[in-house]
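See structure below.
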Amino acid sequence: MLLVVDVGNTNTVFGIFENGKNVPLFHKRTVTRKDRTSDELGLFFRGFLREFKIENEAITGGIYSSVVPTLNPILERMFQDWFKIEAIRVHYQMKLPFSISYPRPYEIGADRLVNAAACVIDSPGKFIIIDLGTATTFCVVSEKPEYLGGVIAPGLKVSMDALTRNTSQLPPIVFQSPEKILGDSTIESIQAGFFFGWIGLLEGIIREIKKDKGQDYRVIGTGGLVTVIDAAHPGIFDKIDPLLTLRGLQILHQMNS
């Protein structure tokens, strides 16, 4: 079995794949803690595996993507000590199913490489891949396939937290789809501002990318909030795939083993 781990700034998502399968048996999301030791991580993952009656010895492969460099050596030691394997770290110099047209390819986040890999292998074509995470990222992949570049905007939750943290009278809120554009209270007004503001951001950037690159790019959505956005405002995405990153990790492990 294969253990895949995607370490984001806010959340860490991980899953278990049976050898050769491209859909995870199990997956889970947890808060990224930068103060964890390798043993704490090992205990955490062992507990997760035992929920599903899987012993550590069943894990024969590991791969991780990370945008938190300080956690990389901790993860690698965890894989070594607890699973007796050398995990593969995602980076731009590994085998990828696409080329990179980018002056400084080392700047591309590992999560963006993983998402692009999943899209290219799933159904070759032209893609705009949107990941709604701590940051809102747009990645553009041509049909060659070639990674052309992207757009990075603030993440929704980061922006909401910044607003309430830097204002005296605005309360923290939970992001949800409002019933109407005009709020009847402070909370409803903030919810409307963020929801419709983010819809405008997504649609506006997609429009500008298509104006520059062509209209025949498919828009693929992933990330923690993609199902909320798609359910409340369908039509932005041609396809949503909350498990895109995990499947991309499985693909890159297969290519680099």
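Backbone N, Cα and C atoms are what each Cβ position is placed from, and that goes for glycine too.
Going through Thr60, Thr70, Thr134 against Swiss-Prot, the one listed in the ATP site together with Asp6, Val7, Gly8, Asn9, Thr10, Asn11, Thr12, Val13 turns out to be Thr134. Other Cβ atoms within 10 Å of the Cβ of Asp111 (substrate binding site), summed over all protein chains shown, number 29. In this structure, the binding-site residues Thr12, Thr134, Thr186 were compared by how many other Cβ atoms lie within 10 Å of their Cβ, and the smallest count belongs to Thr186.
Restricting the binding-site residues Gly109, Arg112, Asp131, Thr186 to those with a CA within 10 Å of the CA of Asp6 (ATP binding site) leaves an empty set. If you draw a 10 Å sphere around the CB of Thr10 (ATP binding site), it holds 14 other CB atoms from the protein chains shown.
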